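J.: Before we start, here is the structure in question, set down as structure tokens.
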Amino acid sequence: MSVANHFRLLGSDGEARTGVLTTPHGAVRTPAFMPVGTAGAMKGIHWREIRETGADIVLGNTYHLMLRPTAERIAALGGLQKFTGWNGPMLTDSGGFQVMSLSKLRKVTEQGVRFKSHIDGAVLDLTPERAIEVQRLFGSDIAMQLDECVRLPATRAEVERAMQLSLRWAERSKRAFEGAPSGRMLFGIVQGGDIAELRRQSAVALGQIDFHGFAVGGLAVGEPQEVMLAMIEETAPLLPQDRPRYLMGVGTPDDMIEAVARGIDMFDCVLPTRNGRHGHAFTRRGVINLRNARHADDPRPLDEESPWPPARSYSRAYLHHLVKAGEALGAMLLSEINIAYFQTLMSGIREAICGGHVSRIFALQRKRAGRQATCRRGRHRFRSRLAVGRPDNPSAYAWSRNRGRRYRRSTDSSRCCRKRLRLQPPPWCRSRLRKSCARLRAERTARASGGFQRLPSS
């Protein structure tokens, strides 16, 4: 039997789309970014501020909430919204990703996952049926099926086994969800690692099972951005066009922009609050690390054109002081500013899609991101326009050694091409950089000898 559709498309521009998802606790405008309240709360931010930034929906973590304070206690206290004080829509994950990340404390079987609690060591079983039961006790507006997310890189056999198991769990989750209160939704999760064929198989099979919405899982776990985008391109066209699409765990501005351009509607990530606690602020001109000493005497606001008052009111010098002094107010303000930036970005994308000029807005945002881009984890800053959000673009970097240290030199001749900035690349991209540089050296040698032939990418 076909499930009711709660999603209404309002407009599209190319593959990018905007719409409204109706839930029992209110409407969600898409594309939407969901702030993450892991244990039923945002670290250092009140729900009131979350709502004022423009957020329609938040995410709760089933794994942590089922262990403490437990699903039964939350149900006895009136459900997750009443328990936490958040009066808007809420999506809860299945807890599968957190269980899978505890590789030394869990065992996967056909029935589900047996794991040890990280709190008291108790042995617990999480099955597809139990995951749905827990989320029903929470009163979640949107529940997620239990799935197995494999760590990348992995062999094809491992990825295919996990994908097939997730499909069988999806069918069990759908049966367990039958009889849920009207208006509640269940999303299926596409798996398949970085193998396009398996992604396509998973998307088609989930579409036949028929869910209220579909999530793309198992990405943004360390793979290059082009791999993630390629998997989205393989998956999104095969999913029902009238259902929302949710890219799980992705939250950098550049990644979200590229994903929206490929048909994704919903996102979640801990990046705004986590980076805020570590002194990083997202602005229209990139990420600002307020731990740097150069901000100690800077009277300028973070972003004079931001719609969020703290971004206009407080000077960089004061925020630098709060961060260096370890004051809780600094983490609170930066977390609010970051979430407000993400919500402003989503609002601008929605308006651009409705106005039919999304390509121009995306190009402008990509240019802004390139002025002071960050890596996928939001920690490392770059200045080359070629490095839009990623440090693993070989054409954007020329690596050299000077007194045993590594330096980056921008190859963009129009912007500080002679300025060298000492920067240690993140560990996860060093091997890729070494291979790329070795391949480029081999090509230059072959070109000089007259027998040039482009070598295959490693």
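Here the Cβ of each residue, glycine as well, is placed from N, Cα and C on the backbone.
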J.: Same substrate site as Asp93, Ser94, Gly95, Gly96, Phe97, Asp147, Gly218 according to TrEMBL: which of Gln191, Gln241?
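T.: It is Gln191, as the record lists it for that site.
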J.: When TrEMBL marks a stretch as region 'RNA binding', which of 172-178, 249-255, 298-304, 410-416 is it?
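T.: In TrEMBL, the region 'RNA binding' feature sits at 249-255.
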J.: With the cut-off set at 10 Å between Cβ atoms, which of these binding-site residues ends up with the most neighbours? Options: Gly95, Gly96, Gly218.
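T.: Highest number of other Cβ atoms within 10 Å: Gly218.
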J.: Other residues with Cβ within 8 Å of the Cβ centroid of Asp93, Ser94, Gly95, Gly96, Phe97, Asp147, Gln191, Gly218 at the substrate site?
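T.: Output for this site, in sequence order: Met100, Met144, Gln145, Leu146, Glu148, Cys149, Ile189, Gly217, Met248.
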J.: Cβ-Cβ under 8 Å from Asp93 (active site, proton acceptor), same chain, 6 or more residues apart: which ones?
T.: Leu59, Gly60, Asn61, Thr62, Tyr63, Met144, Met248
J.: Measure from the CA atom of Asp268 (active site, nucleophile) to the CA atom of Gln191 (substrate binding site) and give the result in Å, rounded to a whole number.
T.: 17
J.: Give the sequence-ordered list of residues that share a chain with Phe97 (substrate binding site), lie 6 or more positions from it, and have CB atoms under 8 Å from its CB.
T.: Tyr63, Cys149, Gly217, Met248, Gly249
J.: Please report the distance from the Cα of Gly218 (substrate binding site) to the Cα of Asp268 (active site, nucleophile), rounded to the nearest angstrom.
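T.: Cα of Gly218 (substrate binding site) to Cα of Asp268 (active site, nucleophile) measures 13 Å after rounding.
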J.: Rounded to the nearest Å, what's the C-alpha distance separating Asp268 (active site, nucleophile) and Asp147 (substrate binding site)? Just drop the number here, would you?
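T.: Cα-Cα distance, Asp268 (active site, nucleophile) to Asp147 (substrate binding site): 17 Å.
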J.: Where does Asp268 (active site, nucleophile) sit in DSSP terms: helix, strand, or coil?
T.: strand
